[in-house]
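Worksheet: the structure to be examined is printed underneath.
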Amino acid sequence: MTWHPHANRLKTFLLLVGMSALIVAVGALFGRTALMLAALFAVGMNVYVYFNSDKLALRAMHAQPVSELQAPAMYRIVRELATSAHQPMPRLYISDTAAPNAFATGRNPRNAAVCCTTGILRILNERELRAVLGHELSHVYNRDILISCVAGALAAVITALANMAMWAGMFGGNRDNANPFALLLVALLGPIAATVIRMAVSRSREYQADESGAVLTGDPLALASALRKISGGVQAAPLPPEPQLASQAHLMIANPFRAGERIGSLFSTHPPIEDRIRRLEAMARG
C-alpha cells in the first residue's frame, strides 16, 4: 500500500506560512503596535495548532477514550488494519451522539486518534464499520489530518480577523495609522476566504481517503454502503448547528449537518455523497 504524506507536509508548511503572513499583514492594517502583537500571535498560533490539533476536535465532539473491553469490534478492526498497513495503533474514542459519523485527528500516525459516534456504531454492520475505519486510517497515513486541522485553524483565524476588522473600522479605524478601507475589505472577504479554504482542502482529501481506504480494506462496496447509511442517518439525526462543531465538520467522513440548514450549506466541506459512491462502485468494477 502506497501512502502520500510528503505532498501534504508541503501543503501544511505553506498553510502555516500563509497563516503567519496573513496575521502579520492584518496586524499591520491596525497599526505598528498591532503588527508586533500579530507577529507574536502568529508564532504562538502555529505552535498551538501543531501540538493540539487532536484535542480540539475531540473536545468539540465530547469524545471519550474507550478500552478494548468497551469497544472490542472497533479495536479488533483498527488493529488488523494498522498491522496490515505497518502503522502504529491509534487511540480510539467514542462520542455519545446519535448523529452517525466518524473522524480521525492528530498530527501524525504516532499521535493519531480515531473517533466513532454511537450513532454510526448503531447503524453500520461490521463490514461497513471496517470500511469507515479504513477510510479514517487512510487520512492518518496520508497526513491529511494535520493539513486539515491547520486549514481549519487558518479559516478560524481569518474569521476572527474579519470580526476584528469590522469592529475596528466601526470604533477606531483611524487610530495608530490604521487603514479603514483595508479593514472593511478584510471584514467583507474574510468569511468567504475561510469557507473556500475549508472546501478546497477537504473535498480532495475525501476522494483520496475513499480510494486509499477501499484499497486498505479491499472492499469499496462496503464503504459505498456505509456512506449511503450515514447520509440517510444524518438527515434523521444531524449534529446541532453550533459554531464549535461547524469548525470541525471538515474532519468528518460525511457532512454532519442536515441538507438545507444554513450552517450545513455554508460550511459544506465534503463532495456529494452520490459522487463518492459512484467512484467507489466504479472502483469495485475495476
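Backbone N, Cα and C atoms are what each Cβ position is placed from, and that goes for glycine too.
Just one of Glu68, Glu206, Glu242 is listed by Swiss-Prot for the same Zn(2+) site as His135, His139, and that one is Glu206. In this structure, the CA atom of Glu206 (Zn(2+) binding site) is 10 Å away from the CA atom of Glu136 (active site). It is Glu206, among the recorded positions Glu136, Glu206, whose Cβ has the fewest other Cβ atoms within 10 Å in the structure shown. Residue environment of His139 (Zn(2+) binding site) contains 28 other Cβ atoms, counted within 10 Å of its Cβ in all protein chains.
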